[in-house]
């Protein structure tokens, strides 16, 4: 599996911070539980923060290298009118319902502008105008090809007031020879301008737009792919473990680990005076730590250190002064 590239700072902020996002609700298609959110609150000119949220969502999903994805986008008020919740005659709703089967970009939005059944409705028209403006910003951000206007999308949450969106993976794990793993959407969000005001005693309006990344679902995909490739999921970033087969070698271990730390190498050891060697080696195997540095009486006497590969269990003796260079050399090849 290729190594994940670094995400932009904004993408990490979106992935790791929880700001104003409402709690997950139990509804079909929603991103449930264990999600990380990014929100923008405040009064701004139309569609600028909305476009940035979609840009951030693209940055995160691209950086995680999950495969091709598509962000479906719709507009709450447009859909509201289309399903006849505000007095639209049933026969008209059936005719306009043809649009629900359509999806596309700004061309579809412009096409809907020409439909008199929509253009005569104020709320639907306002939604279409904002969507057209949003697509202009998305084009400037270079992500319009990742966005599809899709009126079949319904987030199912009443607090949304404007644009809504949901990201899906286009390439199923089964297409790569993996077991099929159905996870639904991996990210979602939208605009909710009135929700925060509901909790303000004075009813102050705080327009908000945000996104939620389905971390649990993404982990499921990554773990499934690593399992198929025969790779283990590492739960630590430790690169080297400092071990000893003998008692009373805590001071020597501390000297070694300090040297590794000073060289910028991620190292650790057991916080025990006299741990058993087998316990230390089993720990490295369970945690997926690739290298073990072993110091004992014989090594100390000869001025060498044993360097053990956890995967192959091969050990080599290297000069004490060459330890850091040899470790860095091996880590650069892994």
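Just so you know, glycine gets a Cβ as well, placed from its N, Cα and C.
Please treat TrEMBL annotations as automatic predictions, because they have not gone through curation.
For 39, 155, 159, 160, the entry in TrEMBL reads L-histidine binding site.
Computed over the domain 'Class II Histidinyl-tRNA synthetase (HisRS)-like catalytic core' (78-218), the whole-number mean pLDDT of the model equals 76. Among the features that TrEMBL reports, domain 'Class II Histidinyl-tRNA synthetase (HisRS)-like catalytic core' is placed at 78-218.
Residue counts for the domain 'Anticodon-binding' (239-330) under DSSP, split into helix (H, G, I), strand (E, B) and coil, are 41 helix, 21 strand, 30 coil. Positions annotated as domain 'Anticodon-binding' by TrEMBL: 239-330.
Residues annotated as signal peptide in TrEMBL: 1-26.
Set side by side, the binding-site residues 159, 160 differ in how many other CB atoms lie within 10 angstroms of their CB, and the most is found at 160.
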